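Per Swiss-Prot, the feature [4Fe-4S] cluster binding site maps to C85, C89, C92. The domain 'Radical SAM core' annotation in Swiss-Prot covers 71-301, and the record cites sequence analysis as its basis.
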Amino acid sequence: MKTFSDRWRQLDWDDIRLRINGKTAADVERALNASQLTRDDMMALLSPAASGYLEQLAQRAQRLTRQRFGNTVSFYVPLYLSNLCANDCTYCGFSMSNRIKRKTLDEADIARESAAIREMGFEHLLLVTGEHQAKVGMDYFRRHLPALREQFSSLQMEVQPLAETEYAELKQLGLDGVMVYQETYHEATYARHHLKGKKQDFFWRLETPDRLGRAGIDKIGLGALIGLSDNWRVDSYMVAEHLLWLQQHYWQSRYSVSFPRLRPCTGGIEPASIMDERQLVQTICAFRLLAPEIELSLSTRESPWFRDRVIPLAINNVSAFSKTQPGGYADNHPELEQFSPHDDRRPEAVAAALTAQGLQPVWKDWDSYLGRASQRL
């Protein structure tokens, strides 16, 4: 059974780097005028040569976004269930080597968090944990997903990679989507930053979206942690390759791409490569031209000033007032957090800023009487 690993083995990191850096202004102009991007076009739009075409790139990305999604921007919020982790990663505040207080939410904790989140108006929930299969694994998810499903319109997860059969079971329990970020597609760099635990297995993580597709999960989220490798352009191109593979082989699923830049955290590292804000806009808009139909997400890792200016261009899914520690909404303890968010505005403030620009915040985009995909299938 083929997976993206087979395609990944055909891709040479250094060759891609040279090809991206070798793109010219003529290549960029050709890509901007293409009705459907080729892989070469995507390289051109990620290249240094495209930096002088940012306005044209943003204008086309905005047109495509409005054509596909209108003026709507969906809101979601992460609910951190646990900061227990059995991995040792150099860049994460939850890393097992960090001496921080550990907490896993029980049924009462989850009820308090859910009430606080619903009071703010959120209906789309992203469940996040550290990666600890023994204590925050399938038994934990089986206990708590049904109650959360009853309260929220959409449930997605960002947890440790699971088996195909486990994803199929979670789908029956009401799971709509899974976000799984490769962190970096450069295998040697990946090994340097994942020192202990199951996350050391590069290919188990790389093939997770294939397992999600085979399990019939409705939405699959991809991304690289920008700044972990020494070349964000190549990592971003690898995300594009991954997306194209999945769309070809699991066309029934929907896809999203996120653009997390390395943020400060307990015991964290400095970025190996710096993507500035103009380059982040360039990358976001390139993905919109590559895949006009997918969801592009921007989290509270970015500043309020930046988010208010970039969301109207190509973003159609945003978080707001994110707390990156378990219990953060009902009882805030910053010392437990995974990383420090940059945009700490309340959701109504973010919504007001977008409304002032003619956008329509969407808190809920379906109702229970319509059924869920897992029920209909």
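Placed from the backbone N, Cα and C atoms, the Cβ positions cover glycine too.
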Other than C85, C89, C92, which residues of the chain come within 8 Å of the [4Fe-4S] cluster site, judged by Cβ distance to the Cβ centroid of those residues? N87, D88, Y91, G93, F94, S95, M96, G130, E131, K199
Calculate the per-residue pLDDT averaged over the domain 'Radical SAM core' (71-301) and state the result as an integer. 95
For C92 ([4Fe-4S] cluster binding site), just count the other CB atoms lying within 10 A of its CB, please. 26
So if I draw a 10 Å sphere around the Cβ of C85 ([4Fe-4S] cluster binding site), how many other Cβ atoms end up inside it? 24
Where C89 ([4Fe-4S] cluster binding site) sits in the secondary structure, as DSSP reduces it to three classes: strand
For C89 ([4Fe-4S] cluster binding site), what is the tally of other C-beta atoms lying within 10 angstroms of its C-beta? 27
